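Notes to accompany the following structure.
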Amino acid sequence: IKINASDPDQGINGTINYKFRTNSTWPFNINEKTGEIYSKKSFDYESDWKSFLLTIDLEDNGITIKNVNKNSCQLEIFLEDINDNRPELVDNNQTKLFFDIQKSFKNQFIQLNITDKDSGLNGKIKYNIQSIDSNIPLNFNQTLFGLNQNGSLYLTSDIHQICLFTLKILLEDYGYPSQHNLIQINIAFAAATVKARCVTCGKEKSTVLCDGCSQPFCYNHLRDHRQELDKQLDEIEVSHDLFRQTLTDQSTKPETQALVKQIDEWEQDSIAKIRQTANDARQLILQHSTKYLTDIEIKLNKLTEQLRESRAENDFFEADLQRWNKQLTQMNKELDKPSTIKIQHGSTPLINSIRVNISVSTHLPNLGIDAKWVQQGVTVAGGNGQGNANNQFSTPYSMYIDEDETMYIADRNNHRIVEWKRGAPNGQIVAGENGAGNQDNQLNSPISVIVDKVNDCFIISELGNKRVIQWPRQNSTSGQTIISNITCYGLTMDNEGHLYISDFVKHEVRRWKMGDTDGIVVAGGNGLGNRLDQLYQPCNIFVDGENSLYISDYGNHRVMKWVKDAKEGIVVAGGQGSGNGLAQLSCPRGVVVDQLGNVYIADFNNSRVIRWSKGAAQGSIIVGDNKRGEGANQLNSPLDLSFDQQGNLYVLDFGNHRVQKFNIDSS
């Protein structure tokens, strides 16, 4: 603010000085030369005076003549409120409210003590319930509480059960720009006459049981307990957000993945080791090369002298020439490969080789317990009757589905392995196209096939030849027997490259390391029986990421889980005798386990696929609940099953000589 004064006199007689007359404690200063007034501090309308009356004396620098060179003026300053405060809940006790479920509180009001320090519209508040959360599934949560615009909270209905509500209320003033505040009010309903010791303070008070931990808390400590849970949830959300960022970074920059970095580190370490070893060997040779080079120099000088002397005297014959040539050849060899220095290769490898194993279980999608599949299946292989044409099967027994949805089917009675690419009308023979036989280029009733990605080959079990063979996938017309004299109905591999084989006759499952001459019994092996340490005609097998083994215990009509190194198994499905009830199986075959531990089973004699949730007492039919048949919504003795990356289900429909695809229901 500037005081504008004028004096018609000239020179110093017209120069004006400005001064406050009184109250030097005013929060203002004045520039005595220019008359500019400025504040000493910032003002707060709510705590400062609302107006100030300032008297300013004006005086020029001329000689005073009866005070004609003096004058004064008054300036009144008014403060105007700005919207700089948000609504607040004054009484913290109102963040925790308690209602006795034995009393009626319907339509009774609780006046919330809310204030906004601003004035006028800036201090006028509007109220809005943003959300209501509860620890019980009440359908009327959102209409149970009401809130008037005067800040009175009320219940529209009585509650007669112990429960906890969390209300989030938005407080907003009418100023511009508006200030708002989201407050939280916790409301507990409990019986005031119920006494128990609070698990936190140990005092006998009215308590409420937490549904999560089932511990009694008094009213105050129940709030503290909820706040602690909220804090833990906040921490989880922070971790979630950090992980989301990491996932995004690795998706856009795959080279930042931890596994890729692990390979990079191995590469750098290996190069460093090789370089260091090479440098050490190089220095050692350089240190010892002087002596053998000197010896060669002496021999060469001696030969030089002989050559000069012989030429000068013209005294040499064929024998001399042959001898000198031999000496030169010997010296050349000695120079390239000195007899006293050898390069040797140690038996211990300088670096350890690495390889990448892709677990089959990692290809399985996360299928929720509520996942459903379209009941009308689509034929994606075979389905053209029984036969040996490229678009037919004859009793298909096993299938393996690759990441690109290419299927490999053990076509038993056609004695071949068929590759069927996604969307193709026909299959292609990739192993055993020479009829039934026991030669290396023949198969005899193949009943199981898997792909060994590390060695790029098929592993095939044959019922007719009682053997397991390894058949290269690239440019090969024959296989190699790796296990003999075995009736194997199921094959699988773990992340470490171990091969698991079910022996239908010996009632056991063995684990083999490729190249071993014998395997290790990892399940069963205690004779035929139904004890937890026994199996009865084990067929299909599945191994998860923790190397737990799931076995279709065909003769016992159950599926067993055998944890790694366990002495006995756990029944995870069936085990109630042969039958078609939801708690029963009848000759189970194909088995797959998703990442949540849900077990999917091809229930052979019941012509259905059934899902058994982890820990459940019975299963639920997911496809094939329409009796045995050849319709799109029917199965006929399914033998195997698998999933693709999207969660679509593939079923090897043995009796219909086809593979059916059941799309996951996204609705």
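Glycine is treated like the rest: Cβ placed from N, Cα and C.
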With TrEMBL as the source, which of 209-250, 251-292, 293-334 is set down as coiled coil? 293-334
How do the residues of the repeat 'NHL' (627-665) split into helix, strand and coil according to DSSP? 3 helix, 19 strand, 17 coil
Across the coiled coil (293-334) the predicted model averages a pLDDT of 85
